[in-house]
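According to TrEMBL, the domain 'Sulfotransferase' annotation covers 28-186. The 3'-phosphoadenylyl sulfate binding site annotation in TrEMBL covers 41, 49, 166, 167, 168, 169, 170. As annotated by TrEMBL, disulfide bond applies to 149-161.
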């Protein structure tokens, strides 16, 4: 980690930290007063997004349906597949709560980050003890990518948008598979809501694989 001067906050982003068993202890040993920001989204949509990213690099891989089930006929979900296991957020959070209190964690809704980026960033700035400098004037929605882009309202520089690896349209997944996955994740989601004190309302999303849905 780089040195941090007085009045500065050093930030580092690595998504795999949250699902790596050894990470909480190592980070706690390094800086036990650290503040943690975790971005989560509907685990079903997250799994399809994960698959979409892998498919773009390895088009020869089996279909999502084949990878998601141990036995499709019996409806047995393969929770050992990393794309699905990552979305069992309650399991991963248990490891972090052994070392850090919830007061040092802030959970960002991936869904709300897309529809209301300024609102989610306001909460992040409050959590970090910063002034609310980043507001709605710093964002505009890019219809092509399906995501908001960041801009600097004080100048005319090109807005910063997500890279080429983001904004891909998801492959069509059978509705029955989507329903089975929602059913699989529901008890874990309920546990996660209880642990965090936040209801992300993922159960209200009947079908997260609507046409044009992007990762």
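Cβ from N, Cα, C; glycine included.
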Original post:
Of the binding-site residues listed here (41, 49, 168, 169, 170), which is spatially closest to residue 149 (disulfide bond) when Cα positions are compared?
Top reply: 168
Original post:
Expressed to the nearest Å, what is the distance separating residue 168 (3'-phosphoadenylyl sulfate binding site) and residue 161 (disulfide bond) at their Cα atoms?
Top reply: 14
Original post:
What count of other C-beta atoms do you get within 10 angstroms of the C-beta of residue 161 (disulfide bond), across all chains shown?
Top reply: 16
**OP:** Round to the nearest Å and give the CA-to-CA distance linking residue 170 (3'-phosphoadenylyl sulfate binding site) with residue 161 (disulfide bond).
**Re:** 19
**OP:** Run through the Cβ atoms and count how many others sit within 10 Å of the one on residue 169 (3'-phosphoadenylyl sulfate binding site).
**Re:** 12
Subject >> residue 161 (disulfide bond) versus residue 169 (3'-phosphoadenylyl sulfate binding site) - Cα distance in angstrom >> reply: 17
Subject >> Rounded distance in angstrom between the Cα atoms of residue 41 (3'-phosphoadenylyl sulfate binding site) and residue 161 (disulfide bond) >> reply: 20
**OP:** Could you state the whole-number distance in Å separating the C-alpha atoms of residue 49 (3'-phosphoadenylyl sulfate binding site) and residue 161 (disulfide bond)?
**Re:** 18
**OP:** Please work out the mean pLDDT for the residues of the domain 'Sulfotransferase' (28-186).
**Re:** 91
